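Below is one structure, written out as C-alpha cells; comments come after it.
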C-alpha cells in the first residue's frame, strides 16, 4: 500500500507539471531523468544487494570497507548525472548532480532498513516525501511560477529532506559498520552481477528521453515524457505479479505463472484505457500537449510487452537464471542506445516510441524462448529459500 501511495503521489506530481509550458517542462524532465539515470547506474543496486546478503551481513559481517563502498555511490551518482545532463543539452547539470547525490544518499539507509525487514517504515517515509513535491508544485502554480528551475529547486529540497530523514531513522546499523573490521571478501562479484542487469534496463527504459532532449529539444521531450509516465503507471500490476512469481517455489508454480500473467495483462490493458482518456483530457485542457494521446496509443503496446517481460523475467530468475536475464537486458540496452540515437533526430517522439515497442517486444520474446528451454525445477525447501533471498529486488 505504501508503494502504491508513493507511486500515486509521483503521478500527481507529473500531472501538475503540465501547468508548465512544454519547453519549461522539458527542462524539468531532462534534469530529473539525468539524475534518475545517474542514480540507477552509480547506485550499485544497493537495495537489491543488501536484501540478497541478508540481515546477518548487515548486522554482523559488513565493516568499514563495505560502508566506504556504499557511501561512494553518492559522488559517483552525482558525476554520472552531471554527464547525462550535459549529454541531453537541455538539463541543468548542477541540479541533476545534487539531486542524484541526495537520492543516492537516501538509498543507503533505505537499503539498510529494508534488509532489516522494516519495509513499512521505509516506504512510509518515501510516500510522505513523495507527497511533499506535489504540495510544493501546487503552491508554485498558485503563485503563477513558470520557471522550471524553481520547480526543480522544490524537487531538490524534497530529495534532500528525505535523505536526512532516512539517515536519522535507519542510519544506526550503518554507524555500527564503521566500528567493525571488514571481511576479507566483500562479495563484489555478486554485487556486480546483481547490478549489471539493472544498469542495462536503465538504458532501455530511459535513454529514449535523453536522446529526444538532445535531438528534438524540450518541447518534444515534454510531450513524450508525459505519455511515458502515464503509460508506466499501468505497469503497477506487473510489479506485484513479478514479485509473487519470484517467490513462488511450490509445486504447480509453472501453472500458476500463466494465471498471474493473464491477470497482469488484463490490469495493464484496462488501466491503459483509463490513462488514454486522461491524456486526451490533458490535451483538451492544456496547450502544447495534444500529441501526448497519439504517443500514448503507441506506448500502450510497449506497456503490454513490459508486463509480459517483467513476469517472465521473474520466473526465469526464480529458476536460477540471473545470468540469462542480465544477458538479455544487456543486449536490449545496446540495441536501445543505438536505436534511440538513430531514430530521434529524424523521426522524433513517434519514431522513438515505435522503437521502444519493438525493443520490449523482443525482450519479452527472447525471455519466453529462454524460459521455455529451462528444465522444470526440483522443489527443495532450503536451497530455494536461499535463492529467493538472493533475487528479491532484481526484477522489481
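Residue 1 is the first one shown; counting continues down the chain.
Cβ from N, Cα, C; glycine included.
Note: TrEMBL annotation is automatic and uncurated.
Annotation comment: TrEMBL describes 29-46 (among others) as transmembrane segment.
Outside the transmembrane segment (67-85), and at least 6 residues removed from its termini, the chain residues within Cβ reach (under 8 Å) are 30-31, 33-35, 37-39, 41-44, 46, 91-94, 96-101, 103-105, 107-108, 111, 174, 177-178, 186, 210. If you look up TrEMBL, you'll see 67-85 (among others) marked as transmembrane segment.
Away from its own ends, the transmembrane segment (91-115) comes close to residues 27, 30-36, 38-39, 42-43, 46-47, 49-51, 53-55, 57-58, 70-71, 73-82, 84-85, 121-122, 125-126, 149, 152-153, 155-156, 159-160, 162-163, 166-167, 169-171, 173-174, 213 of its chain (Cβ-Cβ under 8 Å, at least six residues beyond either end). Annotation source TrEMBL lists transmembrane segment at 91-115 (among others).
Residues 2-3, 5-6, 9-10, 12-13, 16-17, 19, 151, 154-155, 157-159, 161-162, 165 of the same chain lie 6 or more positions beyond the ends of the transmembrane segment (127-145) yet place their CB under 8 Å from a CB of it. Annotation comment: TrEMBL describes 127-145 (among others) as transmembrane segment.
Marked as transmembrane segment by TrEMBL: 151-168 (among others). Only residues 6 or more beyond the boundaries of the transmembrane segment (151-168), in the same chain, are considered here, and those with a CB under 8 A from a CB of the stretch are 17, 20, 24, 27-28, 31-32, 92, 95, 98-99, 102-103, 105-106, 108-110, 113, 122, 125-126, 129-130, 132-133, 136-137, 140, 145.
Within the chain carrying the transmembrane segment (264-285), a Cβ under 8 angstroms from the stretch's Cβ atoms is held by residues 15, 18, 226-227, 230-231, 233-238, 240-241, 291-293, 296-297, 300, 303-304, 307-308, 310-311, all 6 or more beyond its ends. Annotation comment: TrEMBL describes 264-285 (among others) as transmembrane segment.
Here TrEMBL flags 291-312 (among others) as transmembrane segment.
Annotated transmembrane segment per TrEMBL: 324-343 (among others), in sequence order.
Summarising the annotation, TrEMBL assigns transmembrane segment to 349-371 (among others).
With a threshold of 8 Å between CB atoms, the same-chain residues lying at least 6 positions outside the transmembrane segment (324-343) that come near it are 193, 196-197, 199-204, 207-208, 211, 313, 316-317, 351-352, 354-356, 358-360, 362-363, 366-367, 370, 394-395.
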